[in-house]
Amino acid sequence: MPLGLGRRKKAPPLVENEEAEPSRSGLGVGEPGPLGGSGAGESQMGLPPPPASLRPRLVFHTQLAHGSPTGRIEGFTNVKELYGKIAEAFRLPAAEVMFCTLNTHKVDMDKLLGGQIGLEDFIFAHVKGQRKEVEVFKSEDALGLTITDNGAGYAFIKRIKEGSVIDHIQLISVGDMIEAINGQSLLGCRHYEVARLLKELPRGRTFTLKLTEPRKAFDMISQRSSGGHPGSGPQLGTGRGTLRLRSRGPATVEDLPSAFEEKAIEKVDDLLESYMGIRDTELAATMVELGKDKRNPDELAEALDERLGDFAFPDEFVFDVWGAIGDAKVGRY
(Lines of atoms letter the chains of each structure in order from A; the text may use other names.)
(Lines give C-alpha, C1' and ligand atoms only; values in the text may rest on other atoms or scores of the structure.)
Protein backbone atom coordinates (compact mmCIF):
# COMPACT_ATOMS: atom_id res chain seq x y z
CA MET A 1 0.00 0.00 0.00
CA PRO A 2 1.47 3.40 -0.86
CA LEU A 3 2.83 5.27 2.12
CA GLY A 4 0.30 7.52 3.81
CA LEU A 5 -2.94 5.95 2.55
CA GLY A 6 -4.56 5.18 5.87
CA ARG A 7 -2.21 2.39 6.71
CA ARG A 8 -2.00 3.34 10.37
CA LYS A 9 -3.03 5.85 12.97
CA LYS A 10 -1.59 9.28 12.27
CA ALA A 11 0.01 11.60 14.75
CA PRO A 12 2.02 14.80 14.36
CA PRO A 13 5.55 14.98 15.71
CA LEU A 14 5.37 15.01 19.49
CA VAL A 15 8.12 17.53 19.80
CA GLU A 16 9.36 19.78 17.05
CA ASN A 17 12.38 21.52 18.49
CA GLU A 18 12.26 19.82 21.84
CA GLU A 19 13.63 16.41 22.35
CA ALA A 20 12.56 13.25 23.98
CA GLU A 21 14.83 10.34 24.11
CA PRO A 22 14.21 6.87 23.08
CA SER A 23 14.01 5.20 26.29
CA ARG A 24 16.81 3.43 27.80
CA SER A 25 14.47 0.63 27.71
CA GLY A 26 16.21 -0.66 24.73
CA LEU A 27 14.32 -3.54 26.13
CA GLY A 28 10.92 -2.44 25.05
CA VAL A 29 9.44 -2.83 28.48
CA GLY A 30 5.81 -2.91 27.52
CA GLU A 31 4.02 -1.62 30.56
CA PRO A 32 1.31 1.00 30.19
CA GLY A 33 2.02 4.25 31.93
CA PRO A 34 -0.48 6.44 33.76
CA LEU A 35 -1.13 8.33 30.53
CA GLY A 36 -2.27 5.25 28.68
CA GLY A 37 0.94 4.78 26.70
CA SER A 38 2.73 1.51 26.43
CA GLY A 39 6.15 0.22 25.65
CA ALA A 40 7.35 -0.62 22.20
CA GLY A 41 6.78 -4.15 21.09
CA GLU A 42 3.79 -4.68 23.35
CA SER A 43 1.86 -6.38 20.59
CA GLN A 44 4.39 -9.15 20.24
CA MET A 45 3.63 -12.54 21.63
CA GLY A 46 5.48 -12.96 24.89
CA LEU A 47 7.88 -15.85 25.27
CA PRO A 48 8.34 -17.62 28.59
CA PRO A 49 11.69 -16.93 30.24
CA PRO A 50 14.19 -19.69 29.67
CA PRO A 51 15.01 -22.10 32.49
CA ALA A 52 17.74 -20.74 34.71
CA SER A 53 19.99 -23.60 33.67
CA LEU A 54 19.80 -22.49 30.02
CA ARG A 55 20.55 -18.81 30.59
CA PRO A 56 24.08 -17.68 29.77
CA ARG A 57 26.08 -17.60 33.00
CA LEU A 58 27.66 -14.20 32.71
CA VAL A 59 28.95 -12.34 35.75
CA PHE A 60 29.25 -8.54 35.75
CA HIS A 61 30.96 -6.26 38.24
CA THR A 62 29.05 -3.28 39.59
CA GLN A 63 29.37 -0.37 41.99
CA LEU A 64 27.11 2.42 43.18
CA ALA A 65 28.12 5.54 41.26
CA HIS A 66 28.50 7.68 44.39
CA GLY A 67 30.84 5.09 45.92
CA SER A 68 30.61 1.53 47.25
CA PRO A 69 32.45 -1.78 47.35
CA THR A 70 32.35 -3.80 44.13
CA GLY A 71 29.49 -6.26 43.76
CA ARG A 72 28.94 -9.15 41.37
CA ILE A 73 25.64 -9.75 39.59
CA GLU A 74 24.36 -12.39 37.18
CA GLY A 75 21.21 -14.15 36.03
CA PHE A 76 19.22 -11.21 34.61
CA THR A 77 17.55 -10.95 31.20
CA ASN A 78 16.10 -7.42 31.20
CA VAL A 79 16.61 -4.02 32.79
CA LYS A 80 14.13 -4.58 35.62
CA GLU A 81 15.84 -7.81 36.60
CA LEU A 82 19.21 -6.05 36.37
CA TYR A 83 18.07 -3.31 38.74
CA GLY A 84 16.72 -5.98 41.07
CA LYS A 85 20.08 -7.79 41.10
CA ILE A 86 21.92 -4.54 41.81
CA ALA A 87 19.49 -3.77 44.63
CA GLU A 88 20.06 -7.22 46.13
CA ALA A 89 23.83 -6.83 45.91
CA PHE A 90 23.79 -3.54 47.81
CA ARG A 91 20.72 -4.23 49.98
CA LEU A 92 18.69 -1.40 48.48
CA PRO A 93 15.05 -1.19 47.35
CA ALA A 94 15.00 -1.76 43.58
CA ALA A 95 13.02 1.48 43.17
CA GLU A 96 16.06 3.44 44.36
CA VAL A 97 18.02 2.64 41.18
CA MET A 98 17.48 5.44 38.65
CA PHE A 99 19.74 4.37 35.78
CA CYS A 100 23.13 2.82 35.07
CA THR A 101 26.19 3.95 33.16
CA LEU A 102 28.87 1.71 31.69
CA ASN A 103 32.54 2.11 32.59
CA THR A 104 32.16 5.49 34.28
CA HIS A 105 30.68 6.65 37.59
CA LYS A 106 29.85 10.05 36.10
CA VAL A 107 26.40 11.10 34.87
CA ASP A 108 27.56 10.64 31.28
CA MET A 109 24.60 10.32 28.93
CA ASP A 110 26.79 8.81 26.22
CA LYS A 111 27.47 5.84 28.51
CA LEU A 112 23.92 5.04 29.55
CA LEU A 113 23.13 1.35 29.85
CA GLY A 114 20.49 0.38 27.33
CA GLY A 115 19.64 -3.00 25.92
CA GLN A 116 23.22 -4.16 25.39
CA ILE A 117 26.10 -4.65 27.80
CA GLY A 118 29.64 -5.46 26.72
CA LEU A 119 30.81 -8.71 28.27
CA GLU A 120 33.60 -6.88 30.11
CA ASP A 121 31.69 -3.67 30.86
CA PHE A 122 31.67 -2.38 34.44
CA ILE A 123 28.22 -1.25 35.58
CA PHE A 124 27.77 1.84 37.75
CA ALA A 125 24.32 2.27 39.32
CA HIS A 126 23.02 5.79 40.00
CA VAL A 127 20.53 5.90 42.86
CA LYS A 128 18.05 8.52 44.03
CA GLY A 129 19.45 11.56 45.76
CA GLN A 130 17.95 14.95 46.58
CA ARG A 131 14.39 15.77 45.59
CA LYS A 132 13.49 19.25 44.38
CA GLU A 133 10.58 21.23 42.99
CA VAL A 134 11.22 23.90 40.38
CA GLU A 135 8.85 26.46 38.88
CA VAL A 136 9.46 27.09 35.18
CA PHE A 137 8.04 29.92 33.10
CA LYS A 138 7.51 28.62 29.56
CA SER A 139 8.58 31.68 27.59
CA GLU A 140 9.19 29.67 24.41
CA ASP A 141 7.49 26.70 22.76
CA ALA A 142 10.65 24.58 23.06
CA LEU A 143 12.07 24.12 26.53
CA GLY A 144 15.35 22.68 25.27
CA LEU A 145 15.04 19.29 26.97
CA THR A 146 15.81 15.86 25.61
CA ILE A 147 14.08 13.10 27.56
CA THR A 148 15.00 9.45 27.88
CA ASP A 149 13.86 6.66 30.19
CA ASN A 150 15.47 3.77 31.98
CA GLY A 151 13.22 1.01 30.70
CA ALA A 152 11.75 0.47 34.15
CA GLY A 153 9.35 3.38 34.62
CA TYR A 154 11.57 6.42 35.21
CA ALA A 155 11.94 9.24 32.67
CA PHE A 156 14.83 11.61 33.10
CA ILE A 157 16.72 14.45 31.43
CA LYS A 158 19.40 13.36 28.98
CA ARG A 159 20.30 16.67 27.40
CA ILE A 160 19.75 20.39 28.00
CA LYS A 161 20.14 22.61 24.95
CA GLU A 162 22.53 25.49 25.47
CA GLY A 163 20.77 28.85 25.75
CA SER A 164 17.32 27.28 26.15
CA VAL A 165 14.65 28.04 28.75
CA ILE A 166 15.80 25.15 30.96
CA ASP A 167 19.49 26.01 30.50
CA HIS A 168 18.91 29.22 32.44
CA ILE A 169 17.58 27.33 35.48
CA GLN A 170 20.64 26.06 37.33
CA LEU A 171 18.62 23.82 39.66
CA ILE A 172 17.73 21.54 36.74
CA SER A 173 20.47 19.18 35.60
CA VAL A 174 21.14 16.33 33.21
CA GLY A 175 20.28 13.07 34.96
CA ASP A 176 17.37 14.51 36.95
CA MET A 177 14.39 12.17 37.04
CA ILE A 178 11.06 13.84 36.23
CA GLU A 179 8.64 12.60 38.88
CA ALA A 180 5.72 14.93 38.19
CA ILE A 181 4.52 17.90 36.16
CA ASN A 182 2.03 20.20 37.90
CA GLY A 183 1.34 17.45 40.42
CA GLN A 184 0.66 14.75 37.81
CA SER A 185 2.81 11.71 38.53
CA LEU A 186 4.94 10.50 35.65
CA LEU A 187 6.23 7.36 37.33
CA GLY A 188 5.72 4.51 34.89
CA CYS A 189 5.54 6.80 31.84
CA ARG A 190 7.65 6.40 28.73
CA HIS A 191 9.94 9.14 27.47
CA TYR A 192 7.67 10.08 24.56
CA GLU A 193 4.70 10.55 26.92
CA VAL A 194 6.70 12.95 29.08
CA ALA A 195 7.93 14.81 25.98
CA ARG A 196 4.35 15.15 24.77
CA LEU A 197 3.22 16.61 28.09
CA LEU A 198 6.04 19.15 28.09
CA LYS A 199 5.26 20.13 24.51
CA GLU A 200 1.56 20.58 25.27
CA LEU A 201 2.12 22.91 28.23
CA PRO A 202 0.83 26.37 27.25
CA ARG A 203 3.36 29.03 26.39
CA GLY A 204 3.40 32.09 28.63
CA ARG A 205 2.52 30.19 31.81
CA THR A 206 4.40 28.80 34.77
CA PHE A 207 4.48 25.09 35.54
CA THR A 208 6.04 23.04 38.32
CA LEU A 209 8.51 20.20 37.87
CA LYS A 210 9.11 17.69 40.65
CA LEU A 211 12.56 16.21 40.13
CA THR A 212 14.93 13.77 41.81
CA GLU A 213 18.63 14.06 41.10
CA PRO A 214 21.11 11.17 41.25
CA ARG A 215 22.99 10.85 44.50
CA LYS A 216 26.39 12.47 44.15
CA ALA A 217 29.77 11.69 45.63
CA PHE A 218 31.79 14.65 46.86
CA ASP A 219 33.98 14.70 43.73
CA MET A 220 30.90 14.76 41.50
CA ILE A 221 29.38 17.91 42.99
CA SER A 222 30.22 20.56 40.41
CA GLN A 223 28.64 22.72 37.75
CA ARG A 224 26.00 20.83 35.85
CA SER A 225 26.69 19.50 32.36
CA SER A 226 24.49 20.04 29.33
CA GLY A 227 24.92 16.41 28.38
CA GLY A 228 27.47 13.73 27.67
CA HIS A 229 30.28 14.23 25.21
CA PRO A 230 31.93 11.47 23.22
CA GLY A 231 35.18 10.24 24.66
CA SER A 232 34.49 11.32 28.24
CA GLY A 233 35.32 8.94 31.04
CA PRO A 234 37.60 5.91 31.13
CA GLN A 235 36.99 2.99 28.84
CA LEU A 236 37.07 0.06 31.23
CA GLY A 237 35.23 -2.46 29.10
CA THR A 238 37.08 -4.20 26.30
CA GLY A 239 34.87 -7.18 25.50
CA ARG A 240 33.88 -7.44 21.86
CA GLY A 241 30.69 -9.36 22.55
CA THR A 242 27.55 -7.94 24.13
CA LEU A 243 24.74 -9.31 26.25
CA ARG A 244 21.48 -8.19 24.63
CA LEU A 245 18.62 -7.81 27.08
CA ARG A 246 15.05 -8.36 25.97
CA SER A 247 11.67 -7.77 27.60
CA ARG A 248 10.37 -10.97 25.99
CA GLY A 249 12.51 -14.02 25.47
CA PRO A 250 16.01 -14.86 26.69
CA ALA A 251 19.00 -12.57 26.80
CA THR A 252 21.49 -13.47 24.08
CA VAL A 253 25.20 -12.95 23.55
CA GLU A 254 25.77 -11.20 20.22
CA ASP A 255 28.57 -9.59 18.25
CA LEU A 256 28.88 -5.83 18.39
CA PRO A 257 27.03 -3.94 15.63
CA SER A 258 28.84 -3.52 12.32
CA ALA A 259 30.19 -0.12 11.28
CA PHE A 260 27.16 0.35 9.02
CA GLU A 261 24.75 -0.51 11.83
CA GLU A 262 26.51 1.76 14.32
CA LYS A 263 26.33 4.74 11.95
CA ALA A 264 22.72 4.02 10.98
CA ILE A 265 21.72 3.72 14.65
CA GLU A 266 23.41 7.03 15.43
CA LYS A 267 21.59 8.78 12.57
CA VAL A 268 18.19 7.29 13.46
CA ASP A 269 18.71 8.26 17.11
CA ASP A 270 19.37 11.83 15.96
CA LEU A 271 16.11 11.72 13.98
CA LEU A 272 14.21 10.52 17.05
CA GLU A 273 15.57 13.48 18.96
CA SER A 274 14.70 15.93 16.20
CA TYR A 275 11.15 14.69 15.56
CA MET A 276 10.06 13.44 18.98
CA GLY A 277 12.31 15.02 21.58
CA ILE A 278 13.57 11.63 22.76
CA ARG A 279 16.77 9.66 22.44
CA ASP A 280 16.85 5.87 22.60
CA THR A 281 19.68 3.93 21.02
CA GLU A 282 17.91 0.62 21.53
CA LEU A 283 14.77 1.86 19.79
CA ALA A 284 16.99 3.20 17.00
CA ALA A 285 18.75 -0.17 16.78
CA THR A 286 15.40 -1.94 16.48
CA MET A 287 14.37 0.40 13.66
CA VAL A 288 17.64 -0.20 11.80
CA GLU A 289 17.23 -3.94 12.24
CA LEU A 290 13.71 -3.72 10.81
CA GLY A 291 14.76 -1.51 7.91
CA LYS A 292 18.12 -2.78 6.73
CA ASP A 293 16.64 -5.49 4.47
CA LYS A 294 13.58 -3.55 3.26
CA ARG A 295 13.38 -2.61 -0.43
CA ASN A 296 11.45 0.66 -0.16
CA PRO A 297 9.95 3.10 2.38
CA ASP A 298 6.53 1.42 2.23
CA GLU A 299 7.96 -1.88 3.42
CA LEU A 300 9.78 -0.05 6.21
CA ALA A 301 6.57 1.76 7.20
CA GLU A 302 4.66 -1.51 7.39
CA ALA A 303 7.38 -3.12 9.50
CA LEU A 304 7.44 -0.15 11.88
CA ASP A 305 3.65 -0.20 12.18
CA GLU A 306 3.63 -3.89 13.00
CA ARG A 307 6.42 -3.76 15.57
CA LEU A 308 6.31 -0.19 16.90
CA GLY A 309 2.80 0.99 16.07
CA ASP A 310 2.28 2.69 19.44
CA PHE A 311 4.73 5.41 18.41
CA ALA A 312 2.63 6.40 15.35
CA PHE A 313 5.66 7.70 13.49
CA PRO A 314 4.77 10.44 10.96
CA ASP A 315 5.37 9.71 7.27
CA GLU A 316 8.13 12.29 6.87
CA PHE A 317 9.99 10.69 9.78
CA VAL A 318 9.75 7.25 8.14
CA PHE A 319 11.16 8.66 4.89
CA ASP A 320 14.07 10.23 6.77
CA VAL A 321 14.78 6.95 8.58
CA TRP A 322 14.79 5.14 5.24
CA GLY A 323 17.22 7.72 3.89
CA ALA A 324 19.50 7.47 6.93
CA ILE A 325 19.71 3.68 6.65
CA GLY A 326 20.38 3.92 2.91
CA ASP A 327 23.11 6.53 3.39
CA ALA A 328 24.81 4.39 6.03
CA LYS A 329 24.73 1.35 3.72
CA VAL A 330 26.68 3.13 0.99
CA GLY A 331 29.00 4.96 3.37
CA ARG A 332 27.49 8.45 3.07
CA TYR A 333 28.06 9.67 6.61
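If you go along the chain as it appears here, the first residue is 1 and each next one adds 1.
Glycine residues also receive a Cβ, built from the backbone N, Cα and C atoms like all the rest.
As annotated by Swiss-Prot, compositional bias 'Basic residues' applies to 1-11.
The region 'Disordered' annotation in Swiss-Prot covers 1-55 (among others).
Positions annotated as compositional bias 'Gly residues' by Swiss-Prot: 27-40 (among others).
Per Swiss-Prot, the feature phosphoserine maps to Ser68 (among others). Cβ contacts within 10 Å of Ser68 (phosphoserine), excluding its own Cβ and spanning all protein chains shown: 17.
Feature annotation from Swiss-Prot assigns domain 'PDZ' to 133-213; the stated evidence is sequence analysis.
Feature annotation from Swiss-Prot assigns region 'Disordered' to 221-244 (among others).
The phosphoserine feature in Swiss-Prot is assigned to Ser222 (among others); the stated evidence is similarity to another entry.
The phosphoserine annotation in Swiss-Prot covers Ser225 (among others) and is backed by similarity to another entry.
Annotated compositional bias 'Gly residues' per Swiss-Prot: 228-240 (among others), in sequence order.
For Ser232 (among others), the entry in Swiss-Prot reads phosphoserine, with the evidence type similarity to another entry.
Look at Swiss-Prot and you will find Thr242 tagged as phosphothreonine, backed by similarity to another entry.
Annotation comment: Swiss-Prot describes Ser247 (among others) as phosphoserine, evidence class similarity to another entry.
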Local confidence of the prediction over the domain 'PDZ' (133-213), expressed as mean pLDDT: 93
Per DSSP, what is the helix/strand/coil residue tally across the domain 'PDZ' (133-213)? 13 helix, 31 strand, 37 coil
